[in-house]
Amino acid sequence: MLPREEKIIRERLGREPNEVEKAMLEVMWSEHVSYKSSRKWLKLLPTKNEHVILGPGEDAGVVKFDESTWIVIGIESHNHPSAVEPYGGAATGIGGIVRDILCMGARPIALLDPIRFGPLEKEKNRYLFEYVVKGIADYGNRIGVPTVGGETEFDESLDNYTLVNVVCVGIMKPEHLVHSYVTKPGLKLVLVGNRTGRDGIHGVTFASEELSENAEEEDRSAVQIPDPFTEKLLIEATLEAVYTGKVKALKDLGGGGLTCAASEMAGKKGLGAVIYADRVPLREPGMTPLEVMISESQERMLFAVEPEDVEELAKIFEKYELEWAVVGEIIEEPRFVVYWKGDKVADLPIELLTNVPTIEWPMKEYKLEEDVETPDIALSKAFDLVWSSPNIVAKRWVWEQYDHEVQGRTVVKPGFDAAVLKINGEYGLAITSDGNPSYCYLNPYHGAMGTVAEVVRNLVSVGAKPLALVDNLNFASPERPEVYWSFVETVKGLADAAKAFDLAYVSGNVSFYNEVVDRPVKPTPVVAGIGKVKLKDIPRGPRDGDVIALIGSTRRELGGSELYRVLGIKGGIAPRVNLEEEKGNALAILNLIENDLVTFVHDVSRGGVAVALAELSAWFNVGVKAKFTSSFKSIDFAFSESHGRYIITLPEDKVEEAKEIAKISIVGRVGGDNFALEVNGEKVEKDIEELSRIYWNYMYDLLEL
């Protein structure tokens with residue numbers, strides 16, 4: 001907490017806060033809980049469209065799928081904990097986002113894991129990678145929620161660090177919606193789930209500052225302990241309780257623990273709460289009221305219920321062998337009061353906890369973009385370098401550890417542009433996530449716009465009409481003027497792109513202070529999106545003899561590209577989004593799919609058309625022959641990462657009809673035993689078996705597993 005903030009608290013309180021009050025205020029005034037550096041700017045994001053039932057402000061967003069089905073979606077980061085203790089940090093990140101979905105009254109049905117690490121050549125980065133994935137796998141598999149997609153990226157700026165973002169979607173009936181706030185006094189507060197221990201104490205304050213060199217030893221106690229078996233019981237018990245209609249409000253105990261959950265639940269509508277901290281079931285002897293109030297022990301939920309309904313719900317909790325305790329009540333006076341064995345140990349105006357002043361840090365614009373000339377390298381050599389990049393090869397090593405088919409909804413599985421989950425007999429939910437810190441580092445505004453555009457492309461590639469977005473903004477310290485400027489530019493880019501597509505952000509998260517020993521991470525906005533697709537319309541894959549076509553314009557845009565990364569080129573111009581072209585092409589793709597004119601669609605993104613075509617070959621074990629002519633260098637064309645582009649495959653007899661819908665360029669054909677790419681007479685030729693071996697197995701080779 002800043003000295004000026006301590007002064008504001010003393011003035012508003014009229015006295016010095018005691019030890020317990022100070023600890024609670026430190027938690028609630030932390031960046032992680034209060035969003036004090038970002039709240040002003042987040043208001044720029046669009047939060048409403050025809051599909052939105054409930055936007056930002058609660059634990060997750062709610063989107064209308066149809067009259068009888070709502071989708072709940074949220075996104076969270078667990079960056080600091082995962083950098084310090086990768087297994088526990090990642091696992092508890094999954095647990096937290098699942099409870100965010102659960103406390104809206106929805107059953108969690110799928111997870112995504114956008115995760116980022118330093119180069120795999122270093123042992124520490126391999127250790128972080130291996131144990132983050134293991135933490136996600138063990139927790140998700142044990143609670144029975146499939147991890148159906150995500151991203152895995154490696155970047156030099158993340159050396160000895162990791163960005164672990166997690167997305168969860170849930171499904172619910174409209175009548176089961178539960179809010180995270182109360183609207184009347186007299187309700188009892190019932191704490192359900194795991195006992196409270198000392199793990200996670202000061203977790204949110206630790207997540208609101210940069211890591212030191214010795215963080216692994218110093219901050220391990222701030223990382224929570226995962227217990228997926230209790231979480232599974234908590235999921236079933238919570239849903240059964242919600243279905244009784246007797247739950248008046250519900251919060252999970254995440255960052256800030258009981259202090260945050262109870263004060264936010266009571267304070268939103270101007271009410272207060274009394275907490276009897278000595279009634280909280282404890283895991284460890286000798287805990288103090290301070291520790292109880294700010295512990296972030298996992299797998300705990302706070303229910304607000306009428307006094308006469310406590311026993312009925314208690315029977316449900318006991319059926320699942322979950323501990324429960326009435327730990328407080330909602331009062332009319334807007335105060336937050338804590339008792340410990342009959343003594344009042346804290347008494348604060350509730351708005352002092354929930355109404356934290358915003359901070360505007362100084363900003364300094366930076367310019368990194370400069371036009372650079374790509375070195376003269378043979379197309380075939382450039383292809384070999386890019387195709388074997390850890391950012392390009394299949395992440396099968398990751399998703400094979402996940403049970404991505406549990407619950408039986410997964411129609412399109414990990415590895416494609418978007419996953420699809422069956423919602424009913426006719427429709428599915430498409431879900432995807434994207435981020436590109438290399439673009440955002442060069443140009444935060446245009447990089448952010450590109451992130452949204454790629455989410456849209458990934459959704460429409462499987463035939464889905466986009467419904468809504470969530471965002472996770474991963475940045476270094478906002479106290480750095482360049483970082484704060486890049487954050488604001490990113491938010492503006494996210495806002496402008498979403499408005500252009502008539503999309504709304506229904507939930508989100510901001511994670512600042514992502515740096516280790518004065519080494520900041522690149523600006524990394526991650527956007528996840530959901531869409532609605534007719535199951536019968538999903539393109540199933542190219543057929544032998546199909547024509548290959550390109551939709552969209554290729555420009556010389558290689559700044560932040562995978563080609564420049566493998567060549568060690570830092571400059572260049574980040575790709576720009578032409579919103580009109582992007583929207584028009586997305587609508588054209590949906591039209592082509594609805595009219596059954598295409599057999600497959602793949603968006604062109606990282607690695608350009610060269611990689612998009614090679615992926616087509618590797619995914620389906622088919623030959624691909626494609627030929628292009630361009631006014632710029634062969635490798636510039638092949639590896640340009642211009643937005644707004646798609647590779648489509650279609651039967652030859654559908655080409656003319658397709659041309660009436662979309663501006664398509666015929667570039668090749670599916671068939672044969674080879675992958676053959678030609679640009680301006682330069683050729684890349686690969687045996688399918690060799691191409692596929694690198695794509696599917698190279699990650700295992702890198703990890704020496």
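Yeah, the Cβs are placed from backbone N, Cα and C, and that goes for glycine too.
Just one of Arg99, Arg107, Arg540 is listed by Swiss-Prot for the same substrate site as Ser77, His78, Asn79, His80, Gln224, Glu296, Ser297, Gln298, Ser511, and that one is Arg99. Candidate binding-site residues: Glu76, Asp100, Gly508. Nearest to Gln298 (substrate binding site) by Cα distance: Asp100.
Most buried of the recorded positions His32, His78, Arg99, judged by other Cβ atoms within 10 Å, is His78. In the three-state DSSP assignment, the secondary structure recorded for Glu296 (substrate binding site) is coil. Nearest neighbour of Ser77 (substrate binding site) by Cα distance, taken over the binding-site residues Asp100, Asp471, Gly508, Asn509: Asn509. Close to Asn79 (substrate binding site), meaning Cα to Cα within 10 A, are none of the recorded positions out of His32, Tyr35, Asp100, Asp252, Gly508, Asn509. Closest to Glu76 (Mg(2+) 1 binding site) by Cα-Cα distance, out of the binding-site residues Tyr35, Glu296, Asp471, is Asp471. Among the recorded positions His32, Tyr35, Asp252, Asp471, Gly508, Asn509, the ones whose Cα is located within 10 Å of the Cα of Arg99 (substrate binding site) are Asp252.
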